[in-house]
């Protein structure tokens, strides 16, 4: 158990680019000097959350735009929909993940492997041992930083805190058990096992699944303005598993531009049609972003230049040729025609 005084953490809108509402430079931290050692890890974790959000939603109608990445729920730019839920969860997970990893790497003097269960029986034929990643440490420190952003007691704050916790649960729930065999001539009579962090991509994929299954919480208008209202909010969220994402509002129509909400719509977005490595979701992106939004798919030819036929020359240089290649790209463009297939439904991001 790590008991610490709360830290004040503020996320502010970038002065130079107001649309870039959340970047690692937006973290302004004050508090005990002891916390300063964690600041670079917190910033790196926040950055990993940004990158993972953009990866997971690259071919969705909502593609994790910068304006969506402001963690403060009172800045006027944020809704309480399922996309907001994902942003909170993935950012919380990113901070916890990075703190845990850096702890195991020995970056902090007061933290190392979690050996609290070493020597104990873990299951049939194996014992706890080795160097487990210290998720308890990462969880405690990240909670002090990320949850400090929520100072309100209304439904929005409760939603954000719930999704922060869901992000931390995702890190713990995707940890991998790694084992080493012991015995004569590799007989593996017994095994010593420890827990390791997965690739952060696995955490992101797990939370993307939770995003699709997010639960909408219906509360009475104005709940939270009284002690009874705050109690009702607490009871409602307490009844929902902290492994699930929750939201209060339906999502807007991401096909359309909405300047008030900072949404650009899908016109002009690139989509994918061909490629050996494309998954089903990527291959359907032109239909999802263009056709179902009432837009045509415009084919554009372009020439790319890249290094190729690289050779190592003794000693010590690598020389490459410049190869030109014609490629075809696809974009959503305005067209006077009805949507292809079934009409899109407002609020859907798929």
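All residue numbers here begin at 1 and follow the chain in the order shown.
Each residue, glycine too, has its Cβ placed from N, Cα and C.
Model, not experiment: these values are computed from the prediction.
As recorded in Swiss-Prot:
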type	residues	note
SIGNAL	1-21	signal peptide
DISULFID	53-64	disulfide bond
CARBOHYD	102	N-linked glycosylation site
DISULFID	103-111	disulfide bond
DISULFID	113-131	disulfide bond
DISULFID	179-193	disulfide bond
DISULFID	181-188	disulfide bond
LIPID	185	O-palmitoleoyl serine
DISULFID	255-293	disulfide bond
CARBOHYD	258	N-linked glycosylation site
DISULFID	271-286	disulfide bond
DISULFID	290-332	disulfide bond
DISULFID	308-323	disulfide bond
DISULFID	310-320	disulfide bond
DISULFID	315-316	disulfide bond
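Annotated features taken from Swiss-Prot, shown on the structure.
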residue : record         : contacts (Cβ under 8 Å, 6+ apart)
113     : disulfide bond : 104, 130, 131, 132, 133, 134
188     : disulfide bond : 181, 182
193     : disulfide bond : 122, 126, 127, 128, 129, 130, 177, 178, 179, 180
286     : disulfide bond : 271, 272, 273, 297, 330, 332
308     : disulfide bond : 320, 321, 322, 323
310     : disulfide bond : 318, 319, 320, 321
315     : disulfide bond : none
Say you check the Cα of the residue listed as 'O-palmitoleoyl serine' against those of the disulfide-bonded residues 53, 255, 316; which is nearest?
316
Among 64, 181, 290, 293, 332 [disulfide-bonded residues], residue with fewest other Cβ within 10 Å:
181
For residue 258 (N-linked glycosylation site), what residues in its own chain, 6 or more apart in sequence, show a Cβ-Cβ distance under 8 Å?
252, 265
Near residue 111 (disulfide bond), meaning Cα within 10 Å, which of 102, 293, 316 (recorded positions)?
102
How many whole Å apart are the CA atoms of residue 103 (disulfide bond) and residue 53 (disulfide bond)?
24
Lowest local Cβ density among 53, 111, 179, which the record lists as disulfide-bonded residues, within 10 Å:
179
Roughly how many Å lie between the Cα atoms of residue 53 (disulfide bond) and residue 290 (disulfide bond), rounded to a whole value?
21
